[in-house]
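K.L.:
Below is one structure. I have some questions about it.
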Amino acid sequence: MMSDREINPPAPIASEESRFGFVAVCGRPNVGKSSLVNRLVGAPLAAVTPKAQTTRHRISGIFTAPGIQIVFHDTPGLHSPRNLLGQAMVAVAKKAVADADVVLVVTDCTQRAPLVDDDTREVILPHSNKSVLVINKIDLVERNLWEELKEKYRNEQLFRAVTPVSAATGEGLQELMDVLRPLIPVGRPMYPEDDISDLPMRFFVGEIIREQILYLTGEELPYVTAVTVEEFRERPNLIYIRADLHVERESQKKILIGRRGEMIKKIGIASRTKLESFLDAKVHLELFVKVSPHWTRDPQKMKEFGYSERV
């Protein structure tokens, strides 16, 4: 259950045909993009952790209601990249913005930095005619603060609309959907109404395992760890999953395994628990840690691990 606030179909427009479109969700790291997409779709598709740059890929979530279907694309946070992996992540976000019918620019009204920083502004400026500013986390500040921000950015006229929300509580999401509807092109749905994503199951399995690494390990390790799902086999009453965890150095491998295997055991237990909930089935999970030197700077390795092909 994602929320106690149910999102209704956007308010219909008289004599309107059905609508279908793609919406890119972009912004700085840790502003709540993934939480917003999960809330709108009604399923925990995108990993959510307190750590920056949790999202590395363009993750799709499909919202379907009578007369409308929207494919939301959660994207990596916009930042100044330090390596090839970072460059690939920013390229994913930029391409999603360019390809989208509508762009949601998610911001965090609790942060002291400018609501729309230079990195975000640079990406959005050529697409301002299809961009909506989403002021997130309004449940954490006084109303007058986010109302001032809303008025400020409305007057700036960089965006088609400005709408405040709380991805955590669901406040403002109905108004956001009502803002989106007239911006979505007229068209027939592309996906069955019970689909929630167009990505393969293996992708989400890998993301769930990586999410647990982000939660359970230190500051450096999550950013040099990649997960590849080598086997995914459905057996009677059981799903067998074998995954490799790739790091760059032997010292990182030792940390990920932990003393007497304690860390990898914790990651395995946490991953299996979440996988069983996500897949609604019993899971047998095997994890193996491998050293792939300098993979975050190696285009071939990045392609093998599923990154560069998504740029």
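Residue numbers in this text run from 1 along the chain shown.
Backbone N, Cα and C define each Cβ position, glycine as well.
In case it helps, TrEMBL gives these features for our protein:
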DOMAIN    19-186  domain 'Era-type G'
REGION    27-34  region 'G1'
BINDING   27-34, 74-78, 136-139  GTP binding site
REGION    53-57  region 'G2'
REGION    74-77  region 'G3'
REGION    136-139  region 'G4'
DOMAIN    209-293  domain 'KH type-2'
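Tell me what's around each of these sites.
P.N.:
For the region 'G1' (27-34), the DSSP counts in helix, strand and coil order read 2 helix, 0 strand, 6 coil.
Every protein chain considered, the tally of other Cβ atoms within 10 Å of the Cβ of ASN30 (GTP binding site) stands at 17.
Averaged across the region 'G3' (74-77), pLDDT for the predicted model comes to 88.
Counting same-chain residues at least six beyond the ends of the region 'G4' (136-139), those with a Cβ under 8 angstroms from any Cβ of the stretch are 31-32, 36, 106-110, 146, 164-169, 171-172.
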K.L.:
Tell me the residue counts in helix, strand and coil for the region 'G4' (136-139), as DSSP assigns them.
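P.N.:
Helix (H, G, I), strand (E, B), coil: 2 helix, 1 strand, 1 coil.
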K.L.:
Among all protein chains shown, how many Cβ atoms are found within 10 Å of the Cβ of THR75 (GTP binding site), not counting that one?
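P.N.:
Within a 10 Å radius of the Cβ of THR75 (GTP binding site) lie 31 other Cβ atoms.
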